[in-house]
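Listed in TrEMBL for this protein:
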type: ACT_SITE; residues: Asp62; note: active site, charge relay system
type: ACT_SITE; residues: His105; note: active site, charge relay system
type: ACT_SITE; residues: Ser267; note: active site, charge relay system
type: COMPBIAS; residues: 354-394; note: compositional bias 'Low complexity'
type: DOMAIN; residues: 53-316; note: domain 'Peptidase S8/S53'
type: REGION; residues: 327-394; note: region 'Disordered'
type: REGION; residues: 421-449; note: region 'Disordered'
type: SIGNAL; residues: 1-26; note: signal peptide
type: TRANSMEM; residues: 400-419; note: transmembrane segment
Amino acid sequence: MSRLRAATGALGAGLLLAALATPASATTSVDPDDGLWYFTATGMDERHERTTGKGIQVAVIDTAINPDVPELADADLHVREPSYCAAETMGPLLPATSDGPVAAHGTSMVSLIVGNGEGIDGERGVLGVAPDAEVHFYSNMALPADADVRCPAPDTNAAAWQFGQAIDQAVLDGADIISISLTTSSGVDAPAIARALHAGVIVVGAQPSDLNGSYPAAFNGVVAVDSIGPDGKLWDGAAGGQVVAPGEQIRQFTEAFDGYRVTNGSSSATAYTSAALALVWSAYPDATSNQILQTLVRNTDGEDHELYWAEGYGYGVVNVRHMLEHDPTTYPDENPLLVDDPDATPSLSEVADPTPLASSEPSAPATSSPSAAPSAAPTTATEKPPAGDDAAGSASRAPVLVGAAALLAALVAVVGLAVRRSRAHQDTSTGPGGPPTTHEPGPDPRGGQ
């Protein structure tokens, strides 16, 4: 679909949104043990009566993917082959698809966005927040040493180059939103982030618990997301994000793809937020990326409120229902997350006039094909709103959570602001793409399953 995209962002601070919906009735009980509370407690069935993400392209940059899981049987999924990773330096690139442990994390992230709920062996599967969105998958299989595949990184720049290649290709392929649940400690791929933001693409990144691997969430203009649980609270070791979304006790695939497990981490919160944005943008196709970010930060929580900032929660809990109640085209066409700070990466000027993509970089048309079957130091923005942001009253508006019955509404109860398309550089010295955020299961889970 055609979309108005702003070339650069003005001043602002905030982050991207997550999809939380209307609260359930007081008699509704939410059982977080099945890992589907992110869908049921936020009223996604009701949200889908109005919007399902159709017409919005979401790019997912992650480990590898197993397109043959039941959840993705009817998804509009395009997997770019090969991956951006080789088993040895200068060796042939590995395939982006796999049915091994390396694909568990990436497959789970994609299913959280477009999963149909049909599970393995008749079990209830993962439900997608934006089931009709178009997903393009890019594989960066940099994983811990005990994973079934590991990509060597001769140096940080080489790793970052591969990560940046995936970002550039996603933009070239027409992405509206780029969802990255992998983290890295290096920001050398900032030029790719600047090009994405300049093109009007929203970039959503996971806020890691290990502050030494804070990219891409730490990039200027990127939506940094941390996770909350069924009670609407942050996990004990949370670093905090610009916005927060469901990420604790979330249903994901086991590494053997023989069932499911309940996991924790900002990776799931990032996928959820990306899908939430897709829902809102699909409902308001004339809005620019900046205006979608504006509604994200302005319409957090469950009711209208002045813009504010709360420690840990940032602008608040992502709330799809609340965002859908307000036409984003009435908001300024400025990225609220893009800060005019000479120390920010990428800088405002770099986003306004990014380094051109070299002809030797990503191929023009992507060679992906639709899958017929499922085939750290955080920026100070996580502690206070960036300069140029109106966060008056932030101290007095600490998140207020309702009871379990009101969880549907409770989860969306914190802060709000919206962004536009501005991002920063990121990559990891451990390999292209880096590992999933440390507080979450995936190939390298921290625990809490």
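Note: Cβ is positioned from N, Cα and C throughout, glycine not excepted.
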Whole-number Å only: compute the distance from the Cα of His105 (active site, charge relay system) to the Cα of Asp62 (active site, charge relay system).
8
In all the protein chains shown, the tally of other Cβ atoms within 10 Å of the Cβ of His105 (active site, charge relay system) is 33
In this structure, which of the active-site residues Asp62, Ser267 has the fewest other Cβ atoms within 10 Å of its Cβ?
Asp62
For Ser267 (active site, charge relay system), name the DSSP secondary structure in the helix/strand/coil scheme.
helix
Students should find that the Cα atoms of Asp62 (active site, charge relay system) and Ser267 (active site, charge relay system) sit apart, in Å rounded to an integer, by 10
Please work out the mean pLDDT for the residues of the domain 'Peptidase S8/S53' (53-316).
90
